[in-house]
Amino acid sequence: MRRSSSVQRVALLSVHTSPLAQPGTGDAGGMNVYVVELATQLARRGVEVEVFTRRTSSEQPPVVETADGVRVRHVAAGPYEGLAKDDLPGQLCAFTAGMLHAEARHAERHYDLVHSHYWLSGQVGWLTADRWDVPLVHSMHTMAKVKNAALAEGDAPEPAGRVIGEQQVVEAADRLVANTDAERRELIDLYGADPAKVVVVPPGVDLATFAPAPGRAASRARLGVPADAEVLLFVGRIQPLKAPDLLVRATAELLREQPWRRSRLRVVVLGGPSGSGTAHPDSLADLVRSLDLEDVVRMAPPVARAELADHYRAADVVAVPSHNESFGLVALEAQACATPVVAAAVGGLRTAVLDDGAGAGTGEGTGLLVPDHTPRSWAAALRTLLDDPARRTAMGARAARRAQGFGWGATAEATLEVYRRAVQDRAAERGADPR
């Protein structure tokens, strides 16, 4: 029996990182937030959502039902602990087998489509969608060719196997979801994606959690931050790509130029180690010591979302110095809390942040975009905003207003339309096929 173009059941794939994991630790980051929020919003719209992710602990139950009606299925594929992300390609066959086994208990074409996230999931999605004869929708989140073109110091290039794997997924997918027009262009120019298959759907922000507050006093009091402190905030995994070291070096440069600022300046780094190692946090702590900034820079582990919102609201400026971002959810969350952002002028950050320009600014921006990754340029940008509280306040107000257009509900609605068109096209391809 043929199914209509309506979308009733969706299989979301997040192989390498669980949507239930704490963002900012291990391999958990913005993609985790994306998958959780998308799944939740789809469920609220009557879509049955099942998320497949690799089991990483013997304590994880096979299936978890979230309060919002999303089913998260932990698939056994390789050892539970100690398996590096780079070794996961060797477990994709096992993961695929686990997915097929789970689906075998259902009627034919139980899922209307597969939506895979990141290239590892895309490899599994390619096979399972083909086996189930349903469309494959894929979100890259990051791309090897883009990352390799802008490698951070100390970061290893992505291997050829990933580049090939991404190319295969791009060619196999029925639809490719890009976060921004820039990402759409990269998919077309670097991977030869069919322009008709690439659809731009901006990510969202939880506007109920990340929202402005009247002043910063309450948030600072809850966090124990002095009312007169000047606070710079970094949120993200401690890895070369995210460049927290650049913020530390820029802080040292800033204090060399304005030593009087030291007693009030506080730089907060919220994030954990990337993957299963701790080398990067240790090296960042060593850098802080070598620059004699232990009284200025405070490193802390990731926090729950409500507390994270307090950190955004308590900050004067949020710094996002990444070497590349497909969008930059941290920048959007900060702006939703009415905090201006200083970000690198790369990737999706050029969409997430409206540059207020140099000098007195244009009066339209929500932050500053820095054109390079030198400590001097970053110190200058940070100093510009720290020296001008009125400009920060105006920027923050504009940022909060702009963030209202990025709710996750809008992301889900646009994604659902992508799903409907993919399902409709597949139904048309089947024609009179009675299966």
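Cβ from N, Cα, C; glycine included.
According to Swiss-Prot, the 1D-myo-inositol 3-phosphate binding site annotation covers H16, D27, A28, G29, G30, M31, N32, K85, Y118, T142, R162, on the basis of sequence analysis. DSSP assigns N32 (1D-myo-inositol 3-phosphate binding site) to a helical segment in the three-state reduction.
Around E333 (UDP-N-acetyl-alpha-D-glucosamine binding site), the same-chain residues at least 6 positions away in sequence with a Cβ under 8 Å from its Cβ are V205, D206, F210, V235, L308, A309, Y312. DSSP gives E333 (UDP-N-acetyl-alpha-D-glucosamine binding site) a helix state. According to Swiss-Prot, the UDP-N-acetyl-alpha-D-glucosamine binding site annotation covers Q22, P23, G30, R237, K242, V303, E325, E333.
If you look up Swiss-Prot, you'll see Y312, R313, A315, T339 marked as Mg(2+) binding site, on the strength of sequence analysis. In the three-state DSSP scheme, Y312 (Mg(2+) binding site) falls into the helix class.
The closest partner of K242 (UDP-N-acetyl-alpha-D-glucosamine binding site) among the binding-site residues, by CA position, is G30; the full candidate set was G30, N32, A315. Ranked by Cα separation from A315 (Mg(2+) binding site), the binding-site residues H16, R162, R237, V303 are led by V303. In terms of local Cβ density within 10 Å, A315 ranks first among the binding-site residues V303, A315.
Ranked by Cα separation from R162 (1D-myo-inositol 3-phosphate binding site), the binding-site residues R237, V303, E325 are led by E325.
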